């Protein structure tokens, strides 16, 4: 199934993901904030704005459906979050779940903090940092929306992961190719789910097993430095 219209997208959130009225209200407010801010800085491509519920809200929220985690309490880490997708959407739906949003661009992190404040999302932490400089830690889920090639992403981010950490990585049309570029011994740890918002796009889902860190073919990064918080 591929969602096409804004009506279909909102119906899917309510009927399939069972998003409650309070969360739907927060998502609608987020859309309004995004549309206003996009006039000041290019958060998302203008061509996607007429389909913002499909292209950004459901495209983010589907990670909860793909992971079968419609509820959860473990901290979620969203790397290279940009305009807050998927992390800000996750936080709006699961408002009791801690969500950390990381981006290296000050304008983006300032916007994220303003949006989180406007939505009264006390579960959101915004960090201004490159991923390589971010303080290590263990997270329940890690997302990154088209942030970096899979092998590089795993190399620089494995230190945020345990064998129980769920990775949810929207990758567009190149998802299967990126997975195949990993050594064959890694393939069983990840699989590709089809996106609900684009029939050509895939989401890489899986867990890193113990002893499989960092990712192959990429050198270990220098010791991390603690990132700045906004």
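Even glycines carry a Cβ here, placed using N, Cα and C.
Swiss-Prot names 80, 85, 131, 132 for binding S-adenosyl-L-methionine. Of 68, 97, 145, the residue it gives for the same site is 145.
For residue 132 (S-adenosyl-L-methionine binding site), other Cβ atoms within 10 Å of its Cβ number 15.
Other C-beta atoms found within 10 angstroms of the C-beta of residue 80 (S-adenosyl-L-methionine binding site) number 21, with every protein chain shown included.
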